[in-house]
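Peer 1: First the structure, then my questions, so here it is.
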């Protein structure tokens, strides 16, 4: 009896093993076919992965019941195939049954949320009236009579600085040249040299400082020893244009000699090194009071520091100017009255201060916003206006700083609410515009231009909310969140991913002549670029994943020229 029993046991065990192998094969075939059916773009795959945990838990919970079910087992004890269906999950509300996000150049809204562009319910981004006409619902502020003594004093001080004749507005809408993959990480800030008109300085997420002469194209230098992480702000020393002040997320302020690249630290908020994110202080906001020789610095905990530019020493104790523990995103001194300071922060406020009597509760005004305030700037000549960029897709303008500041004069709806892996969008004034109405800012939501999804750079009339111009090029499909207008020339510099672009106004020439002799776009490829087998350059828009390993002390001075399709030969 023992031998037959042992034989039956071995026979049953082999049958179970064969059934398990057959079930595994069927399950693999089912999963492979389902993955082939669900194949699509990367966004769909990411949605499936995000929503798969809950579905997998349900499948695991049902698996023991399927094993015990006689119907599933069948007559021969063979288990039925286990199928797992991964439903697509919305990235916004995390629910199944619908999707949200970009499909090419089209943004699909979540039906559970209001319009992504204007944040109002009742319609979608595709049908949003602000997308068709940016000035929809924007009411220009009425003229205001100056009838107080303070108004007369202010006007008498700044009236001589403002021209009564508005110059012709030229839009730099033609791509002149660019530096492809100049940086190893995304560009975070740009600044034109105050005396060398053709020199542009740039900083990136890795802390690298770049200097580029965009007229000579190939003349470029990079310094990677100034900071160890994100370079957030740059200011030139007014007494010596060879010295640059830089602020970084490593918690330091550095005074850098542009000829040698040697930086001397002026302030270090983390002298003991890294001890956790709860104590690590980062510096985002920085500005220079030229009259007093003060360097104003704000950290990620809401505090303001004053530094003497001459003695390079800290003055007094830090002052809490925003909610404790919240990041101060920017600082700007009034150009007409430098002791008046504008700060913006993560606590949903922009505040005006008098630096002569700083106190945590001494703010002259607190301007409330809906979300994080990315930036705040006084108008460049009179300092009479304020413009802020908020993460709620709003550009807010106050026309008179001595008026009622409880509500802005205008709110302009503009697409700049992003998720992550981008430098924050900041609307900046045109320093050459005497009327103090023109601003420039990059756009987040793409538009379909002849079948290509592009992210234009917008020029906006802040007095009416009207879109004056949208600057784009079919070769640039990445987002351009960093934009800087030249203080004297009609030139626009933009930072998109790791590349830098220079724009100039189009020449008014005859169309027939333009077809016969079109200007060639010249591209300079940085040391981080890689040539593909087909001859094209790999200019991916990746952020944290791009960039080569190791630091480069100095970029290779190699010049390449690229002739755009349909254009003539390079003059280089």
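Glycine is treated like the rest: Cβ placed from N, Cα and C.
Residues or ranges marked as compositional bias 'Acidic residues' by TrEMBL: 35-61. Residues or ranges marked as compositional bias 'Basic and acidic residues' in TrEMBL: 508-522. What TrEMBL records for 551-572 is compositional bias 'Basic residues'. The region 'Disordered' annotation in TrEMBL covers 1-79, 508-572. Residues annotated as repeat 'WD' in TrEMBL: 180-213, 366-399.
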Peer 1: Excluding the flanking five residues on each side, which residues at least 6 beyond the ends of the repeat 'WD' (366-399) place their CB within less than 8 Å of a CB in that stretch?
Peer 2: 116-119, 141, 144, 154, 158, 161-162, 329-330, 332-337, 340, 342-346, 348-352, 405, 408-417, 424-431, 433-434, 436, 439, 441, 460, 462
Peer 1: Mean pLDDT, the repeat 'WD' (366-399)?
Peer 2: 95
Peer 1: Tell me the residue counts in helix, strand and coil for the repeat 'WD' (180-213), as DSSP assigns them.
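Peer 2: DSSP composition of the repeat 'WD' (180-213): 0 helix, 18 strand, 16 coil.
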